[in-house]
Amino acid sequence: MSRADLWALAAIVALEDAANNCNGPSCGTPEVPTITFRFGRVDCAESPKTTTSQTIPDAHNVETDEFTVLGNANDLNLSDDEIVALMGAHTLGKARKANVGFNGAWVQKKALLNNGYYVDMIDSSLGWTQSDLNAGNNRAARWQWDQGQRMMLNTDMNLYKELDLSANDGSSACTYSSCPDASTKAKVEAYAASNTLWISEFGPAFEKMIENTDETLKDLYTTLTTTEVDAIRA
């Protein structure tokens, strides 16, 4: 397997582990996404280091948003619904200001894979407010939506609200309560209402993303024996 294959497999195992961490009274029964691992990716000639630049969504959602970068006009060919599903992976981990300029976790329990990202996004009682982390220090603005114990980037809130963003720095002219509904609001609310629905749609979307329309990948489970598969996963 290539280095790219190993990264894809590691991501799948990490997601399965995070989903299985979701148990107990406050989380419910673990629901694990179904993601088939296939191998055969080809590493670039410069792997593991490269100077090639790839376009990623602009966190301020001004220059490039997630729908433009990941959508039907791009190689990944993801639908809007698939992109909304994939964004729920922000339930894991946190942003660190020293690394990316933004700060905080998207949800309180940042080691669990569940629909908490959507539940918090639609909760108006949390008092979401946009703030500039660099206000007053003569640095480029870093606008994010804060709640005290949680945060959302413009690219997150863009799924639920049609933000009125400044082309200069990403600040929004409308507030959480005054911004109109985004076209993907209904899907966000559906995921917030059902972890089962989100998990069932997240798995196929993630699998599509890591395969990147490559039809030459081979199914590990039909190529290797059960013992060999267990050895790789160990």
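Each residue's number is its place along the chain shown, starting with 1.
Placement of Cβ uses the backbone N, Cα and C atoms for every residue, glycine included.
What TrEMBL says about this one:
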DOMAIN    1-234  domain 'Plant heme peroxidase family profile'
SIGNAL    1-18  signal peptide
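Through the fold, the signal peptide (1-18) approaches residues 32-33, 35, 37, 39-43, 47-48, 89, 92, 111-113, 206, 210, 232-233 of its own chain, all at least 6 residues removed from its boundaries and within a Cβ separation under 8 Å. Mean model confidence for the domain 'Plant heme peroxidase family profile' (1-234) is a pLDDT of 88.
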